[in-house]
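**Q** The structure is given below, and queries will be raised subsequently.
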Amino acid sequence: MKAAVIVFPGSNCDRDVSVALEHATGHKPAMVWHRDSDLPQVDLIVVPGGFSYGDYLRSGAMAAQSPVMREVVARAKSGTRVLGICNGFQILTEAKLLPGALMRNAGLKFLCRTVDLRVENADSAFTAGYAKDQLIRLPVAHHDGNYFADADTLARIEDNGMVAFRYVTPDGAIDASGNPNGSANAVAGLFNEGRTVLGLMPHPERAAEPLHGNTDGKPLLDGLVEALS
Amino acid sequence: MTTTHQSKEPAVTPELAAEYGLSLEEYQRMLDITQRTPSFTELGIFSVMWSEHCSYKSSRVWLKKLPTKAPHVICGPGENAGVIDIGDGQAAIFKMESHNHPSFIEPYQGAATGVGGILRDVFTMGARPIANMNALRFGSPDHPKTRHLISGVVAGIGGYGNCVGVPTVGGETNFHPSYNGNILVNAMTVGLADTDKIFYSAAAGVGNPVVYVGSKTGRDGIHGATMASTEFTEDSEEKRPTVQVGDPFTEKLLIEACLELMATDAIVAIQDMGAAGLTSSSVEMADKGGLGIELDLDAVPQRETGMSPYEIMLSESQERMLIVLKPGREDLAKAIFDKWELDFAVIGRVTDTGRLVLKMHGETYCDLEVGPLVDRAPVYERPWEPTPPQADIPASEAPLPGPATEVLHRLIGGPDLASRRWIWEQYDSQVGADTVAASGGDAAVVRVHGTNKALAITTDCTPRYCFADPVRGGAQAVAEAWRNLTAVGATPLAITDNMNFGNPQKPRIMGQFAGCIQGMAEACTTLEFPVVSGNVSLYNETNGEGILPTPAIGGVGILPDASLAASVAFKAAGEAILLIGDTVGHVGQSLYLREIHGREAGSPPPVDLAAERRNGDLVRGLIRDRAVTACHDLSDGGLLVAVAEMAMAGRIGADIDLPAGLDAAGFLFGEDQARYLVTATDADAVIERARVASVPVLRLGTTGGTSLTVGGTDAISVDGLRTAHEAWLPAVMAGGADQPTS
Amino acid sequence: MKANVHVTLKRGVLDPQGKAIGHALQSLGFDGVDDVRQGKFIELELAETDQDAARAAVEAMCQKLLANTVIEDYRIDFVG
């Protein structure tokens with residue numbers, strides 16, 4: 001699997017995801033600077049976490065308008081897999097590759113903790129490493145992770161099996177206590193309709209090796225390698 | 001040796017100088033140096049360079065008493081940060097610095113710019129910052145301002161660190177009414193560099209270009225250094241406009257751009273613009289190089305129009321650096337800063353005159369000899385009086401008022417020992433994907449990227465001990481930092497100190513300072529744990545009331561293998577719990593005495609540095625050999641609190657025996673030093689190793705079940721303890737109307 | 001010409017920041033505040049002198065960047 005990681009000036013998880021991809025694939029991904037519009041031919045494009053252009057207007061708003069994102073959108077439309085993590089998820093919604101928006105956390109504070117998730121749909125290159133309904137734990141660290149979409153959009157998302165991961169309680173229930181940021185339908189990870197694009201608030205690259213104390217993010221990366229090689 | 005006439009500047013008089021913080025004696029000293037009446041811009045420069053904050057005039061004679069050398073010390077105090085060798089051609093670079101006054105006036109921006117400033121001190125030297133820590137002190141939890149200050153400071157630290165992409169991996173937060181009007185916000189950064197790529201600030205090479213990079217200069221923060229050198233009065237809050245605003249996104253760009261430039265051979269010297277901005281950076285670079293600097297202030301990138309030389313020189317606008325480049329490297333450097341969309345301007349040259357010359361609009365506003373500005377800065381041997389010793393309080397004076405578990409429940413759910421989760425969940429502790437352990441343990445552990453090594457980092461101080469007995473308190477702060485690093489298995493290497501005290505012109509306060517330094521020096525020497533960087537914050541007083549003396553210690557140690565790091569959590573049922581170190585049951589100045597008996601009294605626990613070293617060396621060896629499964633140092637709250645913390649972290653209970661012949665309150669809640677709790681599957685092996693090392697060890701009990709049971713009958717559920725432990729801070733913070741400033 | 005752009009969350013989108021401000025006002029004793037909505041205020045100095053052309057330009061800026069129309073409404077006022 002060939003991968004590229006998009007680097008905005010305020011990206012700060014670009015190195016972390018690059019290391020995790022290198023561990024999974026055996027070779028370094030291409031790092032693509034935000035002002036470049038020629039993206040190498042790859043199987044997977046990762047839009048990493050961070051603060052892209054400072055996130056001063058809305059998280060991801062300015063990044064979504066950058067030259068490199070125009071190219072990412074074009075590739076996504078032709079079927080290249082695109083994974084947006086944290087700020088990357090925000091950018092993908094701002095770029096309209098995914099429906100809805102990510103608003104300020106319901107608790108209004110930045111939140112860094114490990115959360116419980118349920119795999120809702122294992123039928124994709126991103127989630128093939130998991131089983132449907134599997135319970136996993138991944139770290140989140142964000143200020144704007146409160147997923148919002150209007151009622152019609154939510155219905156469409158549910159009808160098309162577009163929810164990849166949901167926030168749950170440790171025993172797998174969906175309720176307010178298991179939802180760290182107030183997301184509609186407890187959405188933690190969301191596909192596009194073709195399940196070729198995934199936006200994810202949790203950070204799989206921070207749970208990818210034993211020293212992280214958690215390796216629940218590793219099947220996501222390994223599953224991608226298997227599906228796209 | 002003259003300045004051309006500046007018609008727009010006020011005339012300098014002793015009265016004007018007094019307004020700018022120079023005493024009559026200091027004014028005269030200035031005239032002796034200049035041999036003429038200085039210009040207004042020159043007065044501003046003297047005023048900030050001779051402020052307490054920049055000159056350390058009250059503390060300098062005492063700071064010299066601290067040990068600063070060891071074979072692994074590459075650079076001690078005096079540069080932007082301390083540098084230690086961590087093997088394999090790598091260095092750890094670190095420092096702690098206060099932003100107390102600005103954080104009280106505007107908590108979000110004050111704390112945020114505090115983080116920004118300490119990050120710059122570290123990456124200026126060529127290091128990529130890999131971890132942030134902090135040491136926070138707030139007033140009484142029920143003081144009307146406390147909640148607002150906590151929410152602003154925490155949001156500010158998080159807002160800056162999270163965006164810059166440096167994990168905030170730990171710290172400490174305490175409450176005491178003495179901080180009601182003077183909170184403490186001490187921020188620490190640890191960075192990583194190659195030993196052959198460390199950058200210093202001494203200017204060199206006559207004719208070399210002096211370059212300004214980063215953000216533009218505005219009128220923000222003018223005289224921040226002077227503000228940090230005076231006491232607060234009721235109307236200090238009106239000083240709000242002098243507080244700077246931070247831009248973490250620009251800082252992130254500045255880090256990347258500087259590190260990219262540092263990878264070339266273009267830099268001769270580099271210095272961040274911190275307190276006193278362009279003044280202190282240019283003066284320090286010239287002074288350290290024994291050269292002069294001439295600046296064209298028209299060339300300084302400015303955010304506002306009509307700025308005077310005085311304003312440009314004293315602005316504390318954030319995210320700026322001053323660099324001396326090798327000749328001909330301007331284009332290469334400019335291309336890098338253009339790439340990161342940062343300002344870049346050649347604003348002057350290095351000269352051989354030894355003078356700081358500032359020109360603007362074709363006029364000379366400053367022409368001062370640099371050497372005397374630094375060397376002849378006032379140094380005061382302030383009168384001091386020692387703190388009178390307090391009596392020892394026997395444990396029998398403070399009997400348990402009820403079952404020990406009820407006392408434990410109160411302590412663990414109270415201000416000093418309750419969980420700080422509400423705070424640390426607002427910090428991204430994992431960005432970088434090298435965090436092995438963050439808040440909640442004895443020390444944070446961060447892997448050295450690309451290796452199996454890890455750095456352990458801690459911040460510590462027990463101000464109530466320092467107040468009761470500064471010498472013991474100073475030694476205890478250093479010893480506790482050493483112990484916390486040891487408790488994760490690390491070899492302690494060096495410390496940075498942040499000396500927070502009241503008004504040094506009061507002999508009683510100066511006595512606290514002198515005592516703490518003496519205690520620290522003794523501990524640093526015995527534990528071979530030198531001071532490599534530090535910061536002093538004096539005048540932490542409001543309306544004549546000083547804070548508790550707070551010499552915050554930031555300690556750094558190394559683990560050869562990150563996977564060896566020990567943690568506090570009980571790992572399994574049926575393991576032996578062992579107490580390492582001697583217990584006599586010292587209750588003076590304990591949290592138990594204060595919270596349960598309402599007495600903040602007595603002498604603090606004695607610090608036996610030889611025992612500290614012996615016990616710690618044993619424990620580190622046990623951890624390295626994987627002979628123990630968990631480890632926790634004993635500190636605030638004593639033995640039973642430590643057991644409870646291990647039980648809550650592992651969600652496993654324990655049975656604890658009470659030994660005969662010791663007072664129960666003293667045994668369970670006394671705060672004797674140099675002690676650790678460990679768990680082991682093979683207790684006999686641990687006991688034998690302790691015997692060989694002549695270290696006292698006691699088999700205390702066994703892990704297991706869902707309750708913590710003391711002496712066979714007195715039990716409390718671990719879940720119940722957890723609930724109380726986690727509930728306190730959220731309840732305080734939910735209490736009312738204040739909103740974070742952001 | 002100067003344009004002021006006000007960006008607020010759409011009616012029907014929960015505004016937790018607005019809610020928190022309302023709660024804070026209430027705790028401070030300011031009664032009678034039924035609802036609080038908060039948003040952003042953006043000032044634009046425009047070279048364009050023709051108001052219709054300026055409006056079209058600012059409208060496009062709002063659609064493309066200044067507001068996220070999934071969750072936000074905007075209002076444009078011209079001053080001077």
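For all residues, glycine too, the Cβ spot is worked out from N, Cα and C.
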**Q** Quick one: which of B:Asp142, B:Asp497, B:Asp561, B:Asp582 does TrEMBL put in the ATP site with B:Tyr56, B:Lys95, B:Gly534?
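**A** Of B:Asp142, B:Asp497, B:Asp561, B:Asp582, B:Asp497 joins B:Tyr56, B:Lys95, B:Gly534 in the ATP site that TrEMBL records.
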**Q** For the substrate site that TrEMBL assigns to B:Ser98, B:His99, B:Asn100, B:His101, B:Arg120, B:Glu316, B:Ser317, B:Gln318, B:Ser537, which of B:Gln244, B:Gln426, B:Gln430, B:Gln673 is also named?
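**A** Within the candidate list, TrEMBL flags B:Gln244.
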**Q** Quick one: of the recorded positions B:His53, B:Tyr56, B:Asp272, B:Gly534, which has its CA closest to the CA of B:Asn100 (substrate binding site)?
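**A** Spatially nearest to B:Asn100 (substrate binding site) by Cα position is B:His53.
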**Q** Looking at the recorded positions B:His53, B:Tyr56, B:Lys95, B:His99, B:Asn535, which has the shortest Cα distance to B:Gln318 (substrate binding site)?
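**A** Closest recorded candidate to B:Gln318 (substrate binding site) by Cα: B:His99.
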**Q** Is it true that the domain 'PurM-like N-terminal' (B:78-192) and the domain 'PurM-like N-terminal' (B:440-558) have 3 or more CB pairs under 8 Å, sequence gap of 6 or more?
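**A** Between the domain 'PurM-like N-terminal' (B:78-192) and the domain 'PurM-like N-terminal' (B:440-558), contact is present.
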**Q** Taking DSSP states H, G and I as helix and E and B as strand, how many residues of the domain 'PurM-like N-terminal' (B:440-558) are helix, strand and coil?
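**A** Helix (H, G, I), strand (E, B), coil: 44 helix, 41 strand, 34 coil.
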**Q** Rounded to a whole number, what is the top Cα to Cα distance in Å among the residues the record ties to ATP, namely B:Tyr56, B:Lys95, B:Asp497, B:Gly534?
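**A** If we measure all Cα pairs in B:Tyr56, B:Lys95, B:Asp497, B:Gly534, the largest is 16 Å.
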**Q** Could you check the recorded positions B:His99, B:Arg120 and say which one's CB has the most other CB atoms within 10 Å?
**A** B:His99
**Q** Where B:Asp121 (Mg(2+) 2 binding site) and B:His53 (active site) are concerned, what is their Cα separation in Å, rounded?
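**A** So the Cα of B:His53 (active site) lies 15 Å away from that of B:Asp121 (Mg(2+) 2 binding site).
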**Q** For the C-alpha pair, I'd like the distance in angstrom between B:His53 (active site) and B:Glu316 (substrate binding site), rounded off.
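**A** About 14 Å separate the Cα atoms of these two residues.
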**Q** Given the binding-site residues B:Tyr56, B:Asp497, B:Asn535, find the one whose Cα is closest in space to the Cα of B:Ser98 (substrate binding site).
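**A** Sorting the binding-site residues by distance from B:Ser98 (substrate binding site), the top entry is B:Asn535.
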**Q** Would you list, in sequence order, the recorded positions among B:Glu97, B:His99, B:Arg120, B:Asp272 whose CA lies within 10 Å of the CA of B:Tyr56 (ATP binding site)?
**A** none
